Each structure stands twice: as C-alpha cells, then as structure tokens.
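J.: Before we start, here is the structure in question, set down as structure tokens.
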C-alpha cells in the first residue's frame, strides 16, 4: 500500500502548472508550494503537469526545477518527478556511471521488479540512452560482479508459481557447499540466483534454512565478509522479501553515523506510490520508532518536508 | 521473400480438416493429400485447421499426424505445423535436451530473431515448459558455452540503428587481439557478441576487416579450430547476414557425405514463410545448382515431396 496522498478533487494540470510557475517567480523559490503540489500527485498526474507546464510556458519543468532547487531536496524531486519506469532507467544509468559502480541499485532494480516491469525499465533505458542496459553493465563492470549483475538484469525470469521441490533441494545443497566449504563457486551461485524463478528461489532458500539450520544470508555474512558476498545478500534479500529488505535499507540509511541520503531518498521515492505503508510498519517494528520520527530527527529543511510529505505524515 | 505458395481462394479450415481426416483413414496414410494441404497454408491458416480438426473430430491434429507419419517426413511436418514462435521454442527445448546440447540451434534462434521476436520465443518457451529458456540453458551447459549461449539468449539487445564508430574501432581491436594473439579472452568476445546491438556489431566486424585485412570469421577459422570457435563463427555469421548464413547451412547439409536432415529441415521449415526465396538465390549462386535440384538428388519419398513443396517447386 502506498503512502502517497492525493487531494480529492485534484486540481487540473493547468492549475498545478500555474502554482509551480508562481512558486518559481520572484526572489527565491517557494519550496513549500512546490512540495504542496508535487508531493501530492501520482505519476500520471505529474506527467500531465509537466506537459501542461511545457505547453503553457514553453519551458521544460524538470530543467526549471533543477535550476530552482538544490542539494538533497533537488535530487529527491528530480527522482520523484519521473514515472517509476523512467525513474529506474535513470537510476540504473547514474549507478553505472558513478566512479564506483553502485551495484546495489542495479541489483535492487533487477530483483524487486517483476520480469515484465524489468523489461519495461530496459525498454525505457534504451529509448533514453540508445544502448541496452545489458551492454552498459557488461562494459562498466568486470569479473564476478559483471557476471552477477548481467545475469540478474538480462534474464527474463519465469514468473509462474510452479516450483520443483527436488531442484530446490539439490540447489540448496549446491549453495551450501559452495558457501560454507570455502570453495565459493561463484559461477553456480550466479547461475542459480540469476536465472531461477522467484518462486523457485524462495523454495530453495527455505529448503536451505530447513536443511542447514540457518538462512543463506546468515551463512554469507559469516563465511565471506566481502563486497561480493554483500552483493549476493542484497540479491537474495531483495528477491525474497522486498518490503523487509527496503525497511532494512532505511534503517541502515538512518542508523549510520551520517545519513545515507541517497539510500533514504531512493527507498522513499521509489516506494511511496507502491508499498511504503507496509515498509513503514516493518521499519517501526524493528527500529522501535516511527519512520516519520526517525526521518524528522535525521534530516532537515525542504528535503525533510518533502520526504515527510511522501511518507504520508 | 517467402517461398510458401497458398492457393487463391484458399479452402475453409473445415474443408482442410476434412481432407486431412480422409487422408488418415483406411489402410495407410495418403501422404500426398497431407502435403497438398499443409505445405500450402500459412501459419495462421494451419492454426485454424488444427482448431477446426480438433473441434470436428475431438482429436488433436498434431498427435494424429505423429501417429500417421514417420521418419524425416514426420519430423519435418511436426516442425512445420506450429507457428514460428512456438516452433522455435520447441526447437530450443529439443536442442537443450539432446544428449550433446545442439548449441548451433540455440545460437541461430538468439541471433537471427529481432529482440522482440526472441522475447516472443522466450515467452512461448515459458508458457510451454514452465521454465525460462535462460535457466534451462544455464543448467544444461557449462563454461564458455554457457556464458556465450546465456548472453546471446538473455540480452534484450538495443535494436536501433545508431552506431558508435569509436567503439567499433576499440572493440574490433579487442577482438583482433584476443583472437590472433593466442590469448583468446573468451570473456571479452562473449561480452561484445552477446550484448552489443546488431548495427554496432556490423560496424565492428566491418572495421575489423578494414583494419586487419581479413574478416573476423576467417581469423577464427585459421587461429582456433575448435568447437567454441565454431560457435562464435555461427553467432557472427547469423548476426551479420542471416540469409547468407542459412544458404551456407543448406550447402553444408547437402555437401556432406550423408545428408544432415535436421539442418536441411530446419532451414527450409523456418524460412519458407520468411525469406527462403532470397536464400535459394544465394544458394544457387554459390553451389551452381538450384536448391530444388540439389534437394531432389539428396533425399527421397514424402520427405522430399514435402520439402520441395515448401521450397516452392
């Protein structure tokens, strides 16, 4: 369930465009007015507002926002304004072009989306960048990271519910042997995580826990504490239970000495229209504090006001 | 251009179903009547006939054909009766399940189809087998073959015409160095062939020829005569020029001591509704004999009559 709240009745796109234009004019920007409009419109409505704004003022709304706003607030609005598919195509591209490839973002996009949602992101990526996401991943990464990211992103997974219990058993065994016996055969782990259906993977992870007494993510934490193991854990957790995974990302983003604004923004912006309500509940159970409260203590200013508006405060 | 000829006006599906039923009845099958109907109907018409047959006689037409026909003729009809997408899903599955994985068939399907056609084949594969093609490839193959087949099949290639000339130059250089300097870095070759757009790959192959004086496929033949080099050549040639590639497959299927019926059937059945007319012309130029004539000398009986009907004799 979403946390986004949209007023009823919702103003027309033209009225909203006019409000934004007014907020931009004069000395300084009226950020509160920007938040009051944009943080309370869904993806389709935001698109209509951008079209109405462009038509009426002959100016690109997104470019204008970039010049009006700044810092974390600007980055959050720039993520939010796009519809989910376009946004994730942009996020993937930014992640690939950063100095150290931000593989967590790529793994999330590949793992949390359904096969058809991921396909839509790949199509949007191609339309925008004139390349495939796959070729950009393959040419910006190397070794095991390349193999893992490439498999996760390129496979068009089977999305059915049928599972094969024997296969779950045999592949749980392969995973256990390769993780705990120090062999750590990346090729087999990547093959299994990168190609099996999500239902099949859940069966395999459950079997792993039943058979070996602890979860595969725990085994990865204790046996092989390195970046690649972290990437594998991210894939496993975001495939197994995206909402629980995102609640944990939020906790890490806030728990740290120093906030991880990128992660905080990413989860709130990408989930506000989808399932942030449930993620908030999980967060509160684990952190013993409401997400709004934790955010309110952690960040400030327009950035805080914007995120709190999306969180449904 | 297709070689398939359909009578005008075409009989109704019910009439065709009745003709087939009559051909099955009595002692022995009237194969000529089966050919007269099925070899002269397009994919949509064949589907209608199968539906009409099932409805009228409460019997599956394909199963009945399997029990009525035999040998190479049966196999050819069994391939032909399906529409192209379904057929290629079945071919990929048969190729993966054969004792030695028939990787040539997988490479062809992945390379000759457009990205969206390949996606349609992958969807048909999932609907039929409740698995993804990717996971079946990954679990039936190993090593370099796995990496190559997986990349070719899983990538949703960019299908635009834009190319990057600098990239063509740098990747032609990578290909040249890895092929001719004995390093033969499979990872880089697989990355390039498996992820770049077809337009980009053509530019890279052309650049290779301009820069190094001979084609990349020639280099692969002379430097590294093994199965993996053959797989790479198959990918390169079926991406670069499918029609020329298929003409060559036909020549090899017939030239050999002993006919390669699987390859002969495959090319004729899969291309008869598409571009077999052009493939025939290329074949004739290279082999100095008409395809019909070559087939007529090579095979016999109903199998011959069926293929010749598809070739447009």
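Placement of Cβ uses the backbone N, Cα and C atoms for every residue, glycine included.
A TrEMBL annotation is a machine prediction, not a hand-curated record.
Pasting the relevant annotations from TrEMBL:
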type	residues	note
BINDING	A:24, A:26, A:28, A:68, A:254, A:256, A:258	Ca(2+) 1 binding site
BINDING	A:298	Ca(2+) 3 binding site
J.: Including all protein chains shown, what's the count of other C-beta atoms within 10 A of the C-beta of residue A:26 (Ca(2+) 1 binding site)?
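T.: So the Cβ neighbour count for residue A:26 (Ca(2+) 1 binding site) comes to 8.
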J.: Over all shown protein chains, what is the count of other CB atoms within 10 A of the CB belonging to residue A:254 (Ca(2+) 1 binding site)?
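T.: Step by step: centre on the Cβ of residue A:254 (Ca(2+) 1 binding site), count other Cβ atoms within 10 Å, giving 20.
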J.: Cβ neighbours within 10 Å, counted over all protein chains: which one of the binding-site residues A:28, A:258 has the most?
T.: A:28
J.: CB neighbours of residue A:298 (Ca(2+) 3 binding site) within 10 A?
T.: 18
J.: Which of these binding-site residues has the least crowded Cβ, counting other Cβ atoms within 10 Å: A:24, A:68?
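T.: With the binding-site residues A:24, A:68, fewest surrounding Cβ atoms within 10 Å: A:68.
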J.: Roughly how many Å separate the Cα of residue A:258 (Ca(2+) 1 binding site) from that of the residue listed as 'Ca(2+) 3 binding site', to the nearest whole number?
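T.: Distance (Cα to Cα, whole Å): 9 Å.
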